[in-house]
Ligand SMILES: Nc1nc(=O)c2c([nH]1)NC[C@@H]1CN(c3ccc(C(=O)N[C@@H](CCC(=O)O)C(=O)O)cc3)C=[N+]21
């Protein structure tokens, strides 16, 4: 049976470091501030906002949530981003995706100040992820995957690492972050032929496809490390990952559960990024 890679444990360890950091900053009279911006009422965005606010507040970050109507105009949206860019109390800006249909994500993402862009929407930060510079902000979810691998001492260098999924929030940036750590990376996606043949080559297999329980045991090689980034809900409304945990667990060497895996670390990484953003803006090293 695979060893369980416990996201809650990783998040707790990271949280301890961050609380200590926020305490040090508070003694200098500074409190980090985050604003989460949500247009419309998607339940997945709302659920992330709830857990992000809970987690960041418990670390000592001031959280603000800006809820905009689904039919907000592009002009109003841009004005809000502009105000946050210049607000000295706000160190991090997180805009929930996807944006409403009539808002151009391309326009919004360039507008977020790169120094406050804690979830990597601005192409300046995307380009840093691609070139392997670590002075920008990577998106929080792939950064959470890296935190888990680091915490458990799982080295990716030289290893055949297969990522399923090519989204801008997870698959693509994650592939680049693994490449920067010298993994041999394969990206699989909806048009990949003989998917199981490809995924079986992975010594490390990362599922970020957004499709419930799609990774079955015939797709996993014996002893693989399996990281499940999926957050889906099954027929009975229960949260489940992209990996069919019960069938894969017996053959993997280690595996992240859902819930309690990558998702449990993501909001703590967000808090980490807000603190880094503050230090960057204030010139604290
Ligand atoms: N710019 C942007 N970045 C995002 O990362 C992003 C987004 N937009 N839009 C919406 C989706 C959805 N999403 C969720 C993350 C965690 C939970 C969640 O339930 N987390 C639980 C833990 C789940 C677990 O344990 O696996 C928690 O933090 O307590 C839900 C939803 C992020 N998203």
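Just so you know, glycine gets a Cβ as well, placed from its N, Cα and C.
Since we're looking at a predicted model, the values are computed, not measured.
Feature annotations, reproduced from TrEMBL:
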DOMAIN    5-119  domain 'Tetrahydrofolate dehydrogenase/cyclohydrolase catalytic'
DOMAIN    139-281  domain 'Tetrahydrofolate dehydrogenase/cyclohydrolase NAD(P)-binding'
BINDING   165, 166, 167, 231  NADP(+) binding site
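Features per TrEMBL, on structure.
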| residue | record | Cβ within 10 Å |
| --- | --- | --- |
| 165 | NADP(+) binding site | 23 |
| 166 | NADP(+) binding site | 18 |
| 167 | NADP(+) binding site | 17 |
| 231 | NADP(+) binding site | 21 |
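Sorting the domain 'Tetrahydrofolate dehydrogenase/cyclohydrolase NAD(P)-binding' (139-281) by DSSP state (H, G, I as helix; E, B as strand; all else coil) yields 54 helix, 26 strand, 63 coil. Taking 165, 166, 167, 231 as the candidate binding-site residues, the subset whose CB lies under 6 angstroms from any atom of ligand 1 consists of 231. On the 0 to 100 pLDDT scale, the model's mean across the domain 'Tetrahydrofolate dehydrogenase/cyclohydrolase NAD(P)-binding' (139-281) is 97. Spanning the residues 165, 166, 167, 231 that the record associates with binding NADP(+), the maximal Cα-Cα distance equals 16 Å.
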